[in-house]
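So that you can see what the record holds, here are the features copied from TrEMBL:
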{"type": "TRANSMEM", "residues": "A:38-61", "note": "transmembrane segment"}
{"type": "TRANSMEM", "residues": "A:81-105", "note": "transmembrane segment"}
{"type": "TRANSMEM", "residues": "A:136-164", "note": "transmembrane segment"}
{"type": "TRANSMEM", "residues": "A:184-206", "note": "transmembrane segment"}
{"type": "TRANSMEM", "residues": "A:213-238", "note": "transmembrane segment"}
{"type": "TRANSMEM", "residues": "A:258-282", "note": "transmembrane segment"}
Amino acid sequence: MSAAVDLAGSAEAPGYRARRTLPLRVEAVRQLRRRRTLLMGGVLAVLPFVLIIAFAIGGTPDSRGGGSDRITLMDTATASAANFAATCLFVSAGFLLVVPVALFCGDTVASEASWSSLRYLLAAPVPRARLLWSKLVVALGFSLAAMVLLPLVALAAGAVAYGWGPLELPTGGALAASAAVPRLALVVAFVFVSQLVTAGLAFWLSTKTDAPLGAVGGAVGLTIVGNVLDAVTALGSWREFLPAHWQFAWADALQPGIEWGGMVKGAAISVTYALILFAFAFRGFSRKDIVS
Amino acid sequence: METPLVRTPRWRRLLPRRRGRWAAGLAALAVLAGAGTWNAVADDGGPAVHRQDRMMKADGVSIDTSYFTAGDTGRRPAVLIGHGFGGSKDDVRAQAEQLARAGYAVLTWSARGFGKSGGDIGLNDPDREVKDVSRLIDWLADRPEVRLDAEGDPRVGITGASYGGAVSLLAAGYDKRVDAVAPQITYWNLADALFPDAVFKKLWAGIFVTTGGGCQKFEKRLCEMYERVAVSGEPDAAARALLTERSPSAVADRIEVPALIVQGQSDSLFPLGQADAMAKAISGNGAPVAVDWIAGGHDGGNPETDRVQRRIGDWFDRHLKDDKGADTGPGFRVTRTGGIDSTDGATLVRGASSDTYPGLDNGTQDIELGRRTQTFRNPAGAGPPAISAVPGVGGGLAQLSSLGVGLSVDFPGQYARFDSAPLDEPLNITGSPAVRVAVGAKRGDAVLFGKVYDVSPDGKQQLLPSQLVAPFRITPDQQGKPVRLTLPAIDHRFDAGHRLRLVLSATDLGYASPAEPTTYTVTPAGPLTVPTAAALRTAPATMPWWTWGLPAAAVVIAALLLLTARRRTATPAPDPALADVPLQITGLAKKYGKSTDRYAVKELSFRVEKGQVLGLLGPNGAGKTTTLRMLMGLITPDDGEIRVFGQAIRPGATVLSRVGSFVEGAGFLPHLSGRANLELYWQATGRPAEDAYLEEALEIAGLGDALARAVRTYSQGMRQRLAIAQAMLGLPDLLILDEPTNGLDPPQIREMRDVMIRYAAGGRTVIVSSHLLSEVEQSCTHLVVMDRGRLVQAGPVAEITGSGDMLLVTTAQEVAEPLVEKIAALAGIGSAARTDDGLGLLVRLDGATPAGLISELVRLDVPLTGVGPHRRLEDAFLTLISGGSA
């Protein structure tokens with residue numbers, strides 16, 4: 001033990017700056033090596049290969065001559081790498097991509113509470129708003145990474161399996177591969193923005209409970225409730241205010257001319273809910289008694 | 001040719017509707033009774049609409065009419081609504097009710113040969129159908145609620161789709177009393193529509209006649225003409241003349257009223273060229289004209305009914321009601337189809353507009369197609385035919401083409417094709433492309449079908465905008481030299497990289513073409529000239545207000561939520577007088593949860609000075625941990641104040657960076673190693689790595705190789721030691737350890753004791769909470785004893801334990817009170833008191849030695865069983881807390 005530095009009356013320890021606490025990099029490292037992170041990444045990275053195997057076993061979708069009138073991305077899944085990536089997004093956007101968002105955002109504060117590490121961070125002291133901010137940014141960053149990972153792996157795997165070619169649109173026509181990749185990026189961007197509402201819900205629940213599964217499950221559960229409500233056509237135009245109503249609006253980016261309407265509306269709804277939920281999270285957490 | 005007001009298959013419209021039958025039955029009764037019947041039609045959209053069904057006689061033919069009014073009895077303009085071919089007045093009832101509610105007297109009727117009206121179909125014969133309209137206007141002029149321009153001249157407008165649109169134009173031409181028209185998807189010259197360039201549009205003509213109820217329903221001359229042309233496959237001059245004289249074009253110079261011309265882009269029956277001729281003639285007469293190209297048409301329904309009817313309402317408001325404020329819209333508007341709304345599968349449309357109607361050849365550009373001569377066959381029997389528009393398929397094909405999928409077939413060897421180079425930039429064609437070609441035929445007329453495809457960059461897909469094709473008949477005397485071919489008018493965007501492909505085909509499913517086999521040669525004599533109507537501006541997609549309103553509202557709500565979360569009380573200023581005092585707690589109180597009177601901590605005040613090792617003692621539930629949590633800023637006190645080095649404690653108070661803490665067990669990330677946990681914790685504080693003294697802390701933890709293992713593999717004691725090491729990171733000026741020896745084995749407990757003493761010896765301060773009294777007794781300099789949330793006693797350990805000169809004297813029997821007083825009075829004895837059980841004495845020495853006391857006690861015959869320096873901390877503690885609770 002070295003001699004104590006005389007700091008009488010100083011408001012803080014030398015070198016302490018509230019704004020430098022819990023840097024994003026540190027929070028990312030803290031979260032990165034968790035099993036759930038690695039597992040989620042693994043699932044998303046493996047999914048394209050599972051689909052490739054499925055198509056290999058079941059035959060390519062267009063060779064089966066389906067009886068459905070609806071033209072879906074499934075029918076063109078094996079046309080090219082871009083088609084395959086779009087199909088991967090199509091099959092996962094409804095639920096699979098909800099899970100990482102709910103997981104990363106719902107688990108982030110609640111798990112610290114359940115490990116008791118939260119109180120040590122707060123006593124370090126990491127200001128509460130700063131802690132939430134770092135955690136939110138990292139959780140959203142991980143969510144985005146998960147969403148980018150899937151189409152990237154799908155593009156790479158699809159390029160090997162089906163070749164690098166134009167994106168054949170389900171509504172007809174085709175997009176050159178060079179034009180298709182920005183479209184896929186737009187799709188990912190919209191899926192991400194549309195999941196902000198899930199992120200907001202999960203994050204808010206995360207600050208409310210010490211049980212990580214409760215926050216994740218709650219967010220996923222309410223997403224399912226939203227889907228159920230959206231299926232109630234009797235609600236009419238009220239459904240436009242359900243985030244779930246717009247979850248497939250990204251398909252508008254895969255038309256010959258991009259239709260922005262659905263995506264703009266969906267993004268507006270999602271951002272609206274998310275902003276309020278995030279604000280509730282910050283507000284609640286800033287005055288909460290930490291007893292975990 | 002029926003009203004495309006509702007997108008139902010056309011054949012279903014031929015069946016009478018139940019409501020129509022009912023209304024017609026009523027009307028028949030009314031005629032018998034010689035009076036009209038009034039029906040009140042209530043609707044939640046406005047005032048009740050009254051409907052009066054009435055059979056009127058015109059030249060001995062009964063005409064079935066419905067008259068709609070709503071609201072007050074004041075005079076108002078009238079509107080006549082005609083129906084489509086094959087339909088009846090019932091088809092336009094919804095629009096009639098809507099206009100009635102908007103303040104018009106609306107009259108609908110079933111034209112001759114349709115619905116319940118009598119007579120033959122005369123294809124809007126000026127002497128029959130058009131005269132009927134004049135009779136209806138006469139009738140309107142007698143209505144008391146209809147506004148008049150002059151005696152017998154009501155203020156009246158006419159609208160209608162297709163057949164009803166043509167009669168509006170014709171009535172405006174033949175009856176000067178008509179004040180405004182709004183024809184929709186109709187013809188200007190029926191001969192041009194059915195016999196374009198002298199080629200018989202056989203499929204549509206056949207459907208047309210069938211829809212009318214078969215040839216026998218038509219006026220005899222018309223039926224004969226149709227059968228003659230249909231058999232020969234080639235229209236003759238008489239046929240042309242017959243249709244032309246019954247077409248609006250026959251009175252082109254007399255239609256001088258404001259006209260809103262609505263034409264369908266997916267209309268192979270009455271293509272945009274018909275509307276173009278209409279607009280040119282009427283505006284040439286000096287009347288205001290607006291042209292609206294809607295999505296749909298006879299091939300594609302009317303997906304825009306609501307908008308079109310609103311616009312017609314506005315048009316009449318302006319030109320019948322003289323409402324100067326009514327916005328009649330742009331001079332030219334075209335609906336452009338975008339993609340599909342993924343949420344409901346509806347086709348998305350938006351408008352492009354310009355102030356004036358540009359015509360079909362505005363702002364032309366030349367697209368080179370090559371000049372190579374191509375030769376192809378006209379197959380014998382003209383089959384199999386190429387396929388473009390298929391009438392009767394309804395919205396399907398044309399709508400698909402707007403989405404980039406189209407069904408169009410050209411058979412190899414039966415067409416010539418000329419491709420442009422890929423476009424450098426997107427090209428929007430609005431109007432009719434045209435090209436000059438020299439055409440040759442081995443014998444007879446050459447009949448060609450021209451179309452311009454949009455070809456995808458890879459060349460695999462071609463789509464035919466609106467599925468439209470234009471027929472051309474090139475007679476032998478025109479052959480061999482360049483003729484100008486005007487292709488179908490379209491509004492279509494060709495994307496960059498796409499090609500334009502001109503196809504001239506020998507056959508088309510929709511048309512009659514020569515059955516004689518022959519060979520055609522085609523040589524372009526110039527580029528393809530394409531109109532671009534550059535003044536057209538696409539309206540930005542309109543988004544509902546909430547697409548920006550809701551996020552903006554959310555920003556405001558979020559800001560309010562965050563701002564109101566701020567504590568009202570400002571953080572108190574630092575107290576310089578306390579700058580050297582590691583901890584001062586004043587009047588601290590905290591209630592449990594939401595209860596009003598159950599206190600976890602109440603009225604707690606104490607002070608810790610520099611260099612002290614303070615023991616916070618109390619049984620379980622005494623409020624020690626709650627106090628420490630408040631000290632760490634984790635929970636907010638209900639009352640009182642905590643100051644650390646003079647700084648008030650708030651959640652996240654920066655002075656906490658001078659405090660190291662270990663409270664209620666370890667808190668680590670289980671998946672990381674012990675070392676990584678400590679490193680990351682230090683990095684999370686944001687302080688320089690060299691200030692951490694990580695190695696010293698790890699030495700205290702004494703975990704050795706286990707540091708590299710994930711924390712989840714640690715025992716409780718290992719976690720405990722690691723947590724204490726974490727608390728010591730950065731050598732905080734105030735170290736708080738809550739039950740630090742739990743889970744440690746005796747040698748580690750001793751070591752921990754030494755660590756704390758050494759730590760405080762360096763001028764730092766340590767607060768240890770414990771219920772293990774022996775622990776506190778041996779390591780602390782000062783004590784704070786708590787019980788049930790309150791401070792029981794605070795002070796130096798020695799003061800509380802009585803500095804060791806208390807002796808406990810145990811006796812065999814009870815000591816009498818006088819004896820106790822006697823003992824207390826002895827020299828060198830501070831005090832003496834009986835213990836609670838009476839079998840002992842507590843004696844405080846005040847100068848006397850224990851040996852002296854024993855000899856005195858023996859002398860006084862006290863039945864001694866033992867004497868010891870008792871009164872240890874534990875007793876003191878128990879005494880204190882029992883006294884405190886008394």
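Placed from the backbone N, Cα and C atoms, the Cβ positions cover glycine too.
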CB contact flag for the transmembrane segment (A:38-61) and the transmembrane segment (A:258-282), at least three pairs under 8 A: no
Segment proximity, the transmembrane segment (A:258-282) to the transmembrane segment (A:213-238), 3 or more C-beta pairs under 8 Å: no
Distant-in-sequence neighbours of the transmembrane segment (A:184-206), which means Cβ under 8 A and at least six residues beyond its ends: 82, 85-86, 89, 93, 97-98, 101-110, 136, 139-140, 143-144, 147-148, 151, 155, 167, 212, 214-216, 218-220, 222-223, 243, 246-247, 249-250, 253-254, 258, 263, 266-267, 269-271, 273-278, 280-281, 284
For the transmembrane segment (A:81-105), sequence-distant contacts whose Cβ falls under 8 Å of one of its Cβ atoms, 6 or more beyond its ends: 31, 36-37, 40, 43-44, 47-48, 51-52, 72-74, 136, 139-140, 142-143, 146-147, 150-151, 154-159, 161-168, 175, 177, 180-181, 184, 187-188, 191, 195, 198-203, 206, 215-216, 219-220, 223, 227, 247-248, 250-251, 254
